[in-house]
Protein chains: 2
Amino acid sequence: MSGSVSPLAPKTFAEIPPLRGVRMATAAAGIKYKGRTDVLMMVFDAPAAVAGVFTTSKCPSAPVDFCKANLGGGTARAVVVNSGNANAFTGRKGRESTAMTAAAAARAVGCGEGEVFLASTGVIGEPLDATKFSGVLDGLAVSAREDFWFEAAKAIMTTDTYPKVATRTARIGDAAVRINGIAKGAGMIAPDMATMLSFVVTDADIPAATLQVLLSEAVKPTFNSVTVDSDTSTSDTLMLFATGAARADGQPPVNGPADPALAEFRTALNDLLKDLALQVVRDGEGARKMVAVTVEGAESAAAAKRIALSIANSPLVKTAVAGEDANWGRVVMAVGKSGEMADRDRLAIWFGDVRVAVDGERDPAYSEDAASAVMKAEDIEIRVEIGLGTGRATVWTCDLTKEYVEINGDYRS
Amino acid sequence: MSGSVSPLAPKTFAEIPPLRGVRMATAAAGIKYKGRTDVLMMVFDAPAAVAGVFTTSKCPSAPVDFCKANLGGGTARAVVVNSGNANAFTGRKGRESTAMTAAAAARAVGCGEGEVFLASTGVIGEPLDATKFSGVLDGLAVSAREDFWFEAAKAIMTTDTYPKVATRTARIGDAAVRINGIAKGAGMIAPDMATMLSFVVTDADIPAATLQVLLSEAVKPTFNSVTVDSDTSTSDTLMLFATGAARADGQPPVNGPADPALAEFRTALNDLLKDLALQVVRDGEGARKMVAVTVEGAESAAAAKRIALSIANSPLVKTAVAGEDANWGRVVMAVGKSGEMADRDRLAIWFGDVRVAVDGERDPAYSEDAASAVMKAEDIEIRVEIGLGTGRATVWTCDLTKEYVEINGDYRS
């Protein structure tokens, strides 16, 4: 851990108001870290509708398997999250650990184990001793409070240098609803479910099946469009819960994902997830600069995204950004290696507002000074026009610095 | 450039004997570097058969386009290579530059422009002023010598810290033939034609079509199985020339690529290409450790290679190696993200001879001391058993160090 807060951290944190229907509590169980909280419990006193998206890794963690199995039930009463140990690649012991934790949580809140959801983040391959925290869940279920979002975000941090929180409001019919979310993640971040962990709760009344559609759609241009290091975690988990408390305010029932009444909610959810996803990138391990890569004019939106990710994941592009070097030749390289159609002689590239290349060669008006000035900023935009179609995508990444190497050269020890 | 030689460099360089039918000369044209040679000319006094494989980049350099167009002719009389400027993404100016160089080379050796092959390596996007070196080719064609391989390898270096040379012998029928090769490359190294530049010459008498088959086969387990940083150059070029001088020793004509008389030659060629490819990895920018990643028991050889590359290209695996951390959890992560079939509960992982994981969890006999001892070595083997089939592949990479970031943070300036 680097010890200091990312220079890209938000200057102020959003105030996250209480959200009706969910209470939270944290504990310091000493799983790996000393002197900080490392267990989070969320309690839904009435059953909440639940949706989730998870890592596409072929070697998912035990909690990911556990959550996927419970998702079909559609309701949640408790969530238990720990940091410091991912409970991944832990075999039979890992399954025993999730079973023990779920049983303890179910007892604590008085629900079935099928209404419990679990997540773990931290080191892979170390057995997780669930006895360390299953004993505290009874107390947490009692002490859990509605106004505890910031503390909740802190308890799930690993190499994060700041907690990640966001809140939005929307109207469904005449009822005002709220969405609150927390996230953690700083490394092992790449699309195919890019966050490590994120938990989002709304007081809207939305059935689980509709909630799942909304979440699956919203994840693509947000969490699945950010990358720190192209590495995909075994544990990536994003869950969305709807407590339904807004029913009491007269929120009308929702009629499937296409219901026009969801328009504002959909926008707010998308916006909140993007906020959290960008906070994850801004806390990228060792990051000093945030980079938005936009590709336009590709054959399709999917092609644009693959080209954008090829640029955003290129070590040579990322080290050039770290060095404040307007090295657009490496952007050409990354376009070329993406495997997508590109016509070298139609390419144009911008750093910020400065067009550095056009028609397959250096811009005739190229100014090294102007391009270099763009690279000095904390936030950098790279834009590439492919010139073949209308496909467009934006992805976000950070630079690759010596600090990334340092942090990851001895994370375990 | 780092200024010091890679700690993984060969302790001694192979003596490369003359090879009948090819002469070489170099010049210091001041293209980018001062006080060193940066132009290489190879001259075949009689037409040589030629084969080549090139970058799969959709944005190839002008010399790559030029070579591909000439390859159909099947014969070579001259090769001109420069370092310091890749002549890539240089548009019309780039094509003018290759045309001018080819015309000058053709005049110098008295051949057609279709028998000239060109390669350029260095910065992308800067126009290459071919007048800087086209004037010296007349002189080089005259002064070129057979015993000049080591100097030739030096002239094509960019961020390389040592020249890369190799030589092998084989028998075809009763005739002894020789293969000599040079290569350059240290960064922007990834499969899909992994070298940056390599030129290999044999005095065997092998027709161009057969030569092409031999080369295309041999590149897969060699140059296309190494990766430094997953970035694919716009300029990757590997060419193989056969001067046919061994005809004079009674080498029998070759009857297509399946001719059993080629068995020994094929082995020698493969071995030489692997030697050169591993020299490229050992000179990986900032590299302190060489890593061989072997995947066994995958569904197919292709699946094994994709899993092996997922491990070898993972920044988290590579930084762990740099930190001498036996972090096999990151190997699990990289297997999981590869997209290939894997059953978490059948995986086994070795660092060197130490089995660290088996049956989907930490090896019961796991010893941190034993695993850490393996990581202290300069050469590290990571082996993964997938447990699903018989597919097998080995790829080679290096660690990811702060020096890589440093070298690439200001390569251009």
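A Cβ is built for glycine as well, from the same backbone N, Cα and C atoms used for every other residue.
For A:Thr158, A:Lys184, A:Thr195, A:Glu285, A:Asn408, A:Ser413, the entry in TrEMBL reads substrate binding site. Marked as active site, nucleophile by TrEMBL: A:Thr195.
Comparing local CB density within 10 A for the binding-site residues A:Thr158, A:Asn408, the maximum falls on A:Asn408. Taking 8 Å as the upper bound (exclusive) on CB-CB distance to chain B, the binding-site residues A:Lys184, A:Glu285, A:Asn408 give A:Asn408 in sequence order. Cβ neighbour count for A:Lys184 (substrate binding site) (all protein chains, 10 Å cutoff from its Cβ): 28. The secondary structure of A:Lys184 (substrate binding site), as reduced to three states from DSSP, is extended strand.
Packing around A:Glu285 (substrate binding site) is summarised by its Cβ count: 30 other Cβ atoms lie within 10 angstroms of its Cβ, all protein chains included. Following the DSSP three-state reduction, the secondary structure of A:Glu285 (substrate binding site) is coil.
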